[in-house]
Amino acid sequence: MAHEREPLLQQRQTGVGNAAAGAKGSSSAPAPAASAALPSLARTVLKFLMWAVFLTWAAGIFLYPTKPVQAVFTKWVRLSKESMFGIAGGIFLAFSAPILIIALLAYVYISFFPSERVVEKKKLRSLSFRLWTFPVLVDGPFGVVSAAEFIGIVLFIIFVVYSMTYYAVESVSLVSKFDLPSMTQSELILDVIGARFGAVGLFCMLFLFLPVARGSVLLRLIDIPFEHATRYHVWLGHLTMALFTLHGLFFVISWSMEGRLREEMREWNETGVANLPGVISLAAGLLMWVTSLHPVRKRFFELFFYTHQLYVIFIVFLAFHVGNFLFSISAGVVFLFMLDRFLRFWQSRAKVDIISAACRPCGTVELVFSKPPGLRYNALSFIFIQVRELSFLQWHPFSVSSSPMDGRYHMSVLIKILGTWTEKLRSIITDVQDKNRGDSELQCGRMTACVEGPYGHESPYHLMYENLILVAGGIGISPFLAILSDIIHRIEEGKQCMPKNVLVLWSVKKSKELSLLSAVDAQTISSSVSDRLKLDIQAFVTQESLPPLEDGIVVDDRKVPGMFVKNGSTMSGLVGTGDNFWAAMYFLASTLGFLLAFTLVEAYYVKPHNVVAWWYRSLLFMLCMVAGVALPGGLVVLLWHLSEKQRMEGDKWDAAADSQSPRAEQTGPAAAAGGGDDDAVPGVSLAALRTTRYGCRPNFEAEFAAFAERAGDAADVGVLVCGPPGLQTSVARECRARNLRRRGGGGAEKSRSSAVFHFNSHSFDL
């Protein structure tokens, strides 16, 4: 398979080539030092601008309740009222425009300064890096929380408590100045505090939609993958809905005290807040909130999934409820979400060729998809899969089990059978296998599959560490198979690769699951690799006390030939994590289109016709957003699609024409080792490096202590976990304990615990 592998770091190779060329000509014309400093200066300036905009924006939100900021905001609204864009434009410029400006600068930054694939050792010890990898909380409702996440949680709590306390004191003080009956005072206080709850909820919505934009450039900029960002969406969703619920509850109590509950709830004002749209929006939000609670989501995932599509009703009627100028507070992040959703719609329309679909004897399904050679991903990426024969609406996330070094034209996933959807998927494949039992070749089958992604970390952080511990539970080994293959291939081909000492701790229930190790592309480790990589695979079979009689067969397990599907296309490259140039053009065209549409509507319709209805102006505002994304943005996406199609024509691989077997490129260890010569040096198989223990679980304290001793003093150890919450908690607790012991311990204990353990979770729990 080496003939069709592509280097992951084409830019790095190009840079090395340019450096070599520059070295040849250095004797005649040495490059000035100033030219080398320009990129560093530009990077610093971009970072400074993004931080300046963000901190100013965040400070304005945090200090918004205070009188000085309120006075400045009032003057700004008064000035905006006389402008072409009106109050809505002024508020949009104050609260939403900064997010769009940061997004634009982020596209410039990641385009000209792509993230480094290998982090310097000194950065691993930096405070900013350690904050993200040091677990502070390991138990509780938030799960495992890093120091950086803990700081964020505390800041949000402070903001909400501080804002509501300030508003409550101010409201009581204001109402007490008027000589009103006590009942009227109570009703007025409830109304004012209820309105403040809604205002704080709108500010929280500024952050609610950022984590769920899967290909968002902002997530790429700070290198937070979507599977981590969903946790932040869940936390913010609980907070936002709690605030909106209190907002509605305070008004319901006030209206009930007045005896006008039904009249007020059915009221739809032309000017001012419209109550009925607010009731509809809150009802949709409550349905989404209740079904997203963990006990309900775990038992009735489809109910959670379908009710979450009510977000459209929630957003639209929220805009009708508050009017265009209040909705413009959070319109910027909603616009970014619309950009991502529209691009995902385009990508998900492609029916993807399945190079191979097979069921392994352990019951796991392996799908190998055709992908364009230019579509970038790394060993820690994941994709969303839809099979239309099973459902037109359901999309399920799966970690990739292949490395980019395995091949340019394919991407594979391993799927464990856990529910109705996966059971039906296995049935489709096994039906074809049963009909063609005894045939060694893949058979053509029928399965309409669509793929979104890949998503994940902007840079493969498993390459940051010289010392690496991979802790997996069951099918959680899937991304680590990609990591192992990635590391082995990189060392074979002389690519830059930091890991030198790798320990795999893998817990399974039954020994038959151990056969998943055969899914690694690089099944044989040559002597040149083993000299540079110390790999230790420790497997723990928890529900068997003794090895089965056919243990030798388990080691040599291979999947049964399945089927391949020709749907007519590879995975689409129209994804936010794809081509940076086209993604930036899409963002820029859509944003300018939205602003142009809003300007034309305000200048030639709203002002000449004296449109005053708040809800109607909100409708026009949202239609401008949709028009900006669908028209100029859609045109750019179409050009992007045509460009991808033209590029693929010259570099296309036909699965059906490749030795009759779509995966003939992966038929043996020789291919994995990068050659098929008879005099090739024999290597060690991965199965031979595996030590299996039965009837026990890993002792993390002992395993981590032994690994730290091998790694040496002052070593940085990357710990990657993929598995159930209990496994993550156990590993995070051990990492925290060893790091704290390193600081506070003394004597021999301190020397044994001098290694720094960096906790990283790769688990996707929706």
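One is the number of the first residue shown, and numbering goes on along the chain from there.
Placed from the backbone N, Cα and C atoms, the Cβ positions cover glycine too.
Same-chain residues lying 6 or more positions outside the transmembrane segment (48-64) and placing a CB less than 8 Å from one of its CB atoms are 70, 73, 94-95, 98-99, 101-102, 105-106, 109, 159, 163, 203, 206, 221. Taken from TrEMBL, the feature transmembrane segment applies to 48-64 (among others).
As annotated by TrEMBL, transmembrane segment applies to 85-110 (among others). Residues 43, 46-47, 49-50, 53-54, 56-57, 60-61, 73, 76-77, 79, 206, 210, 216-218, 220-221, 324-326, 328-333, 335-336, 458, 580, 583-584, 587-588, 591, 598-599, 602, 606, 617, 621 of the same chain sit 6 or more residues outside the transmembrane segment (85-110) yet have a Cβ under 8 Å from a Cβ within it.
Feature annotation from TrEMBL assigns transmembrane segment to 142-167 (among others).
Within the chain, the transmembrane segment (188-212) has long-range Cβ neighbours (under 8 A, six or more residues past its boundaries) at 61, 64, 95, 99, 156, 159-160, 163-164, 167-168, 171-172, 174-175, 180, 218-219, 224, 226, 229-233, 236-237, 239-240, 243-244, 246-251, 253-254, 257, 322, 326, 329-330, 332-334, 336-337. For 188-212 (among others), the entry in TrEMBL reads transmembrane segment.
Feature annotation from TrEMBL assigns transmembrane segment to 232-253 (among others).
Long-range Cβ contacts of the transmembrane segment (273-290) within its own chain (Cβ-Cβ under 8 Å, at least 6 residues beyond either end) map to 237-238, 241, 244-245, 248, 264-267, 296, 307-308, 310-311, 313-318, 320-323, 614-615. Residues or ranges marked as transmembrane segment in TrEMBL: 273-290 (among others).
Summarising the annotation, TrEMBL assigns transmembrane segment to 310-339 (among others).
Here TrEMBL flags 341-461 as domain 'FAD-binding FR-type'.
Marked as transmembrane segment by TrEMBL: 581-606 (among others).
Annotation source TrEMBL lists transmembrane segment at 618-642 (among others).
The region 'Disordered' annotation in TrEMBL covers 651-678.
Nonlocal intrachain contacts for the transmembrane segment (232-253), taken as residues 6+ away from its ends with a CB within less than 8 angstroms of a stretch CB, comprise 142, 149, 152-153, 156, 160, 190-191, 193-195, 197-198, 200-201, 204-205, 207-208, 211-212, 261, 264-265, 278-279, 282, 285-286, 288-289, 292. Residue counts for the domain 'FAD-binding FR-type' (341-461) under DSSP, helix first, then strand, then coil, are 28 helix, 39 strand, 54 coil. Through the fold, the transmembrane segment (581-606) approaches residues 84-86, 89, 100, 103-104, 107-108, 111, 215, 217, 335, 339, 343, 617, 620-621, 623-625, 627-629, 631-633, 635-637, 639-640, 643 of its own chain, all at least 6 residues removed from its boundaries and within a Cβ separation under 8 Å. Long-range contacts of the transmembrane segment (142-167) within the same chain: residues 61-62, 64-66, 130-136, 192-193, 196-197, 200, 203-204, 231-232, 235-236, 239, 243, 725, 728-729, 732, 759, 761, each at least 6 residues beyond the stretch ends and with a Cβ under 8 Å from a Cβ of the stretch.
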